[in-house]
Amino acid sequence: MFNRIFLFLLTNLAVLMLAGIVMSLLGVNPAQMSGLLVMAAIFGFGGSFISLLLSKFMAKRSTGAQVITEPRTPTERWLLETVRRQAQAAGIGMPEVAVYEGPEINAFATGANRNNALVAVSTGLLQNMDQDEAEAVLGHEIAHVANGDMVTMALLQGVLNTFVIVLARVVGGIIDSTLSGNREGGRGFAYYIIVFALEMVFGLFATMIAMWFSRRREFRADAGGAQLAGRSKMIAALERLSLNHGQNTLPSQVQAFGISGGVGEGLRRLFLSHPPLTERIAALRAASGSAR
């Protein structure tokens with residue numbers, strides 16, 4: 001995990017330095033630019049990493065998930081044994097296993113690293129899926145943990161936050177100075193209105209990028225679930241999800257790591273964290289056909 005963080009931060013430091021050079025060539029004050037880059041990186045990455053570190057605590061609190069410490073029923077015993085077996089196969093530490101009240105068929109994984117994760121399933125999943133289907137869902141969530149998706153998404157969000165902050169202020173300064181005729185860059189009330197509007201616009205594009213990456217990550221988690229539980233079980237689980245008409249009650253901070261996402265067409269699809277279930281099923285079937 002630390003190698004991934006180091007390489008990611010190193011790459012983005014180089015990008016930020018390049019951005020600083022470009023802005024200097026455009027006439028932006030280098031001293032102001034350096035301070036802006038530092039401030040943006042602190043706020044951009046700071047929020048993402050605080051959310052990552054608190055993710056397990058917040059997920060438990062927001063969903064009311066109850067961690068299974070000592071299994072009291074055959075179902076709880078099966079959950080622990082299945083997660084333990086899959087975690088060993090994936091080469092990660094044993095996650096905490098929890099159950100939360102929810103009518104929808106869903107599950108999620110969260111945590112700061114591969115060896116300190118939480119996997120939770122809804123009561124709706126336990127009531128509406130058989131063990132083969134539930135095993136595939138657990139495999140999907142274990143694959144999220146093994147792939148380091150929580151850390152990667154936090155890093156990506158940090159970079160996007162940083163660029164939104166920087167670009168909004170740089171472009172806002174240029175627009176404000178052009179409109180006011182002050183080449184030194186005005187900092188009046190209009191500047192802050194412009195920056196606020198630009199942050200909203202750039203934030204939408206940043207969300208599209210993050211959700212695009214999230215959708216690609218779901219295909220990988222499906223493939224990982226198929227490897228851990230079996231391709232036919234993973235396909236059956238997704239087909240079962242396609243029949244689920246329950247409302248997604250997962251809190252926003254863990255929805256991206258659930259097995260089931262929203263439904264949308266057109267522009268709304270650009271803001272969905274999960275691909276359509278039909279595409280996920282087709283991808284698994286195509287992979288099965290190419291493997292023969």
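Even glycines carry a Cβ here, placed using N, Cα and C.
Swiss-Prot annotates His140, His144 as Zn(2+)-binding residues; of Glu70, Glu76, Glu218, the candidate listed for that same site is Glu218. Glu141 (active site) sits 10 Å from Glu218 (Zn(2+) binding site), taking the C-alpha atoms as the reference points.
Candidate recorded positions: Glu141, Glu218. Fewest other C-beta atoms within 10 angstroms, Glu218.
In the three-state DSSP classification, His140 (Zn(2+) binding site) falls within a helix.
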